Amino acid sequence: FLFITTGEENLLAILKRRWWKYMILGIIDIEANYLVVKAYQYTTLTSVQLLDCFVIPVVILLSWFFLLVRYKAVHFIGIVVCILGMGCMAGADVLVGRQQGEGENKLIGDLLVLGGATLYGISNVCEEYIVRNLSRVEFLGMIGLFGSFFSGIQLAIMEHKELLKVPWDWQIGLLYVGFSACMFGLYSFMPVVIKKTSATAVNLSLLTADLYSLFCGLFLFHYKFSGLYLLSFFTILVGLVLYSSTSTYVAQDPRVYKQFRNPSGPVVDLPATGQLEPSVTYTSLGQETEEEPHVRVA
């Protein structure tokens, strides 16, 4: 739609105003995926699972300082419970011997995971800002445009030799197609979920992905099963319920927020009949609307 839209929000107008921002965001997102995938070559699956949780404090800190999101005690309790569930899952991997080797260089692999998790956090917070204040279609169009361009360049420079060594057949081709379809679904639906909830809630939910991969591995690779996996899964679910049980809020003056959303319009002075509450609230379980968030005035 970006290519056929006319007016101020067409492709050329968006590129003219914000091309360098989307270029940086595209590079950040590419390197986040690349670093985490590359880490599997150097370290163990358990280390990747544990260190990948570093994305959660990154998202919380960035949301606090740049999106001005404020959390309550129950949110932090839910986050801690989710991380404990993730630790339980990693412990189950150790008990059943699912570490898949010791890796070539664990230090390099661990650093790659931490770097990738940090970039993931930056990308997710930027995504939340864009889908809330600009457009979900704009985000997907720009991240796809710049992501495809720079990932192609990086592939040609760094991975062309490995690509030539791939013994291509229909099975490997089908695996690549399946992986691409999964990533297409992830990137298509994540902006919707982030707009309805938040980047923090999405990353907490993604902690359950390792359990789903285990279920697939039980049939494909004959992984051993442990009751700790179910315990960790339900622990993460409990943490998600705790986190979603109450709303976060934005520590921002509503008049400033409305001026940001309507930069070309006049600044409307709100009636001074009472104390103005400096926050715009939204709940992680609320319905998505296209209008401006409701402003609470005391």
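Each residue, glycine too, has its Cβ placed from N, Cα and C.
Residues or ranges marked as transmembrane segment by TrEMBL: 49-67, 73-96, 139-158, 170-189, 201-223, 229-251.
Fewer than three CB pairs closer than 8 A are found between the transmembrane segment (73-96) and the transmembrane segment (139-158), and contact between the two stretches is not assigned (pairs 6 or more residues apart). Below 8 angstroms of C-beta separation, residues 36, 79, 82-83, 86-87, 89-90, 93, 110, 113-114, 116-118, 120-122, 124-125, 128-129, 198-200, 203-204, 207, 210, 250 of the same chain, each at least six residues beyond the ends of the transmembrane segment (49-67), sit close to that stretch.
The listed stretches are 139-158, 170-189, 229-251; of these, 229-251 has the most Cβ pairs under 8 Å to the transmembrane segment (201-223).
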